[in-house]
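Quick notes on the structure that follows.
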Amino acid sequence: MRSEEKTGRRTILVVDDDGDIRQALEGTLQYEGFNVWTARNGEEALARLRQEKTPPAAILTDLKMPKVDGLELLDSIIEEAGSAEAAPPVIMISGHGDVPVAVDAMQRGAVNFLEKPLDEHRVLVTIHKALRERALMEENAGLQTENRGLKERLRSGFELIGESDAMKKLRDSILRVADSESSVLITGENGVGKELVARNVHLSGPRAGGPFITVNCAAIPAELVESELFGHLKGSFTGAHEDRVGHFEAADGGNLFLDEVGDMPLAAQAKVLRALETHEVMRVGDSQTRSVNIRVIAATNADLARSVEDKSFRLDLFYRLNVVPLHVPPLRERTGDIPMIARHLLERQAARIGRSPDVLSDDAAETLQSFGWPGNVRQLRNVLEAASIFAEDSKITSAEIARVMESGPGMTRSVGGGGGALGGGASSGGASAPTSRFEAPFDAATFEDFKNEAEALFFRTRLDRNNGNVKRTAEELGMQRSHLYKKLDRYDLK
């Protein structure tokens, strides 16, 4: 078998009923370094193609031939390959009066045509062009496949779990907006996973290879917002001991995620708007602007339209951010997803501590589905983490769920009747003092561990009591929100 597998050369199939033309083309192509097959008509060509295991690199065929002509040959080649892209590139040879037919052949899948009398130089240029374009097409297809695989691997740690219509619609919307450069505004209650959605937008788009910089606008003290976002020069203010790159510059080439954007001070909003419109930033203390290539993804649990009416949020910035809105539904609106999410959270929790995941029983899953979850996925995660402590034989049942949720704030059932966490009415003896949802960590290895675990439990309980509302929790505790956010970050309670 003469093929590129044995010769190491590319093969060209020449099909023409004129022996002189076949011989001339064969000599020209062999001199150029090609391996050449020849056939007198389309019938012989198809037989040769079906006989050989390796297809030729290109096919050069006359239009008018006996038995099977060039158009019939072209149609058969494409049909057997499945598509014009999968078939070897076909170049048609036409007489002067056959040009309209040759053009029709190109519309049917041929890559080019040559007009008789044939010019040797023109033949070689046309063949090399066809081979080069096919190589680029195959390389591009390979890169697209590799890119899809890379995105899937990147997304594997940031899955959006759920098969409800709402989640399917959200995932579809993410894929639609990912390739856009427009700003995205993600809305939803506390704990629904807005940052997870933002990461999926990042990982699904062309900026996936660039940075993904997260900024919690509510956690930055007002006096430091500009420095955090835009950077500063050494000596520009007290405490500026060295030059600092801001979040906008750090996100260059990628996506900047502005979480809790509704809490951004008005003065900073004006400068953020300017940066988004000009794609330039100026560090504090500098007089020179710096170009940035970023896409902004913002998120909020607030009603920004109302904030605009209250004059606490700029209308022009709202329009600039709300180009592509994405809404993340609360857990109570997709209770059918809860068992799947719960089992996923248990797997992630087990992987984090290096052991096999607990099994969630069917009755436990039903119990989880019966609650309203004001704290959404974050609250579900905390409940499962606590339930794992009480689970026997690594199996979480409704008993463990009930034990954890017995005194949990806001944990009334979302369906059915009754008051209290599990739907049983209040006792005749009046309301009793709520017991703690969590046991004190008396088995901590050291006093320092005890303090840390106790503090984490304290903040988790207070946050749950306020249904995940950080602002309300900070006010209740008499703390600055930025200080509370640091505590939540430290104990992974966000």
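From the backbone N, Cα and C atoms, a Cβ is placed for every residue, glycine too.
Here's what TrEMBL has on this protein:
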- 415-428: compositional bias 'Gly residues' (COMPBIAS)
- 11-131: domain 'Response regulatory' (DOMAIN)
- 160-389: domain 'Sigma-54 factor interaction' (DOMAIN)
- Asp62: 4-aspartylphosphate (MOD_RES)
- 413-435: region 'Disordered' (REGION)
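Note: the domain 'Response regulatory' (11-131) comprises 59 helix, 24 strand, 38 coil (DSSP; helix = H, G, I, strand = E, B). Of all Cβ atoms in the shown protein chains, 25 besides its own fall within 10 Å of the Cβ of the residue listed as '4-aspartylphosphate'. In the predicted model, the domain 'Sigma-54 factor interaction' (160-389) has a mean pLDDT of 91.
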